[in-house]
Amino acid sequence: MNKKNNLLVLEDGVKVILAPAKVNFGLWIKGKRPDGYHDIFSIIHTIDLYDRIYIELHYTLEVLSVGPFSKNLKDNIVYEGVLAFSRLTGKNFDYKIVIEKNIPVGAGLGGASSDLAAVISYLNEELENPMKEQELTDFLSSFSKDAPFFLKGGCALVYGTGDQVKVLEPISREITVVYPNIEASTSKVYGAFTKQTEEVLLLEDILRLLEENDIENIIENHLQETAIEIYKEIGELIRFLESVGYKPYMSGSGSSVYVFGKLSDKIKMALESRGWYVYECKTI
């Protein structure tokens with residue numbers, strides 16, 4: 001096996017791409033735009049929880065899903081994205097693409113967006129990059145506002161509708177992500193969000209605190225209250241973690257919640273006994 005970045009090549013020629021999850025170190029909503037999207041800014045960081053994507057030559061395009069969070073991907077953005085990329089480039093992509101879904105679905109961890117970015121980036125490189133970076137960003141954002149971030153990963157400030165990305169210095173942290181086994185709908189959470197928000201911190205203050213490595217003291221998620229109103233499991237998880245002395249933060253529009261550091265074995269067992277998933281991760 002050889003490895004280049006997140007691409008592995010197996011002995012039989014099957015390509016394997018590692019598509020990382022992300023967490024939001026805060027999500028601030030500035031208001032709603034005329035086009036229906038929200039203006040936001042957020043600090044996002046990739047973590048070492050991965051979907052594995054297997055790609056090999058095939059007689060036609062086929063996208064399959066396996067793993068603990070597999071589902072029918074015929075209408076998934078990876079399938080639709082490859083078809084659209086094929087139309088734009090005039091190339092047929094006769095590949096069998098198998099996505100091993102290890103990242104929980106509807107968790108606020110960006111799994112589908114990361115998968116899309118990984119596959120389209122790979123296909124673009126196979127064609128010797130007919131799409132330059134901005135074109136690729138625009139293409140990906142037409143499917144998912146999170147997807148452009150995954151072209152580079154690491155740590156970034158995302159703003160606008162989430163499609164504008166400013167790369168930041170990585171933040172080294174151990175975190176534990178807990179998925180309460182409920183698939184939250186991003187559109188449903190954003191659609192239910194009606195509150196007028198006041199920015200507790202200015203963007204300049206957030207960036208300054210990041211430079212001081214003080215990430216824990218800036219995190220705020222304007223969607224958390226709305227998500228809890230829709231999905232009671234998120235609130236139950238947050239209250240449980242608070243009751244045992246941890247400071248939990250919701251990622252994205254939910255449903256996953258994370259804490260900095262590791263949980264005790266006793267707490268992990270208590271969470272898993274409820275059917276919830278616990279992942280010990282590091283930022284990457």
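Including glycine, each Cβ sits where the backbone N, Cα and C put it.
The Cβ of K22 (active site) has 30 other Cβ atoms within 10 Å, all protein chains considered. Residues or ranges marked as active site by Swiss-Prot: K22 (among others).
Feature annotation from Swiss-Prot assigns active site to D146 (among others). For D146 (active site), applying a Cβ distance below 8 Å and a minimum sequence separation of six or more within one chain yields K22, I44, G110, S113, S114, V158, G162, G252.
Residue environment of G108 (ATP binding site) contains 30 other Cβ atoms, counted within 10 Å of its Cβ in all protein chains. DSSP classifies G108 (ATP binding site) as coil under the three-state reduction. The ATP binding site annotation in Swiss-Prot covers P104, V105, G106, A107, G108, L109, G110, G111, A112, S113, S114.
Here the Cβ of A112 (ATP binding site) has 24 other Cβ atoms within 10 Å, regardless of which shown protein chain they belong to. Counting every protein chain shown, the Cβ of P104 (ATP binding site) has 24 other Cβ atoms within 10 Å. Taking the Cβ of G106 (ATP binding site) as centre and 10 Å as the limit, one finds 20 other Cβ atoms among all the protein chains shown.
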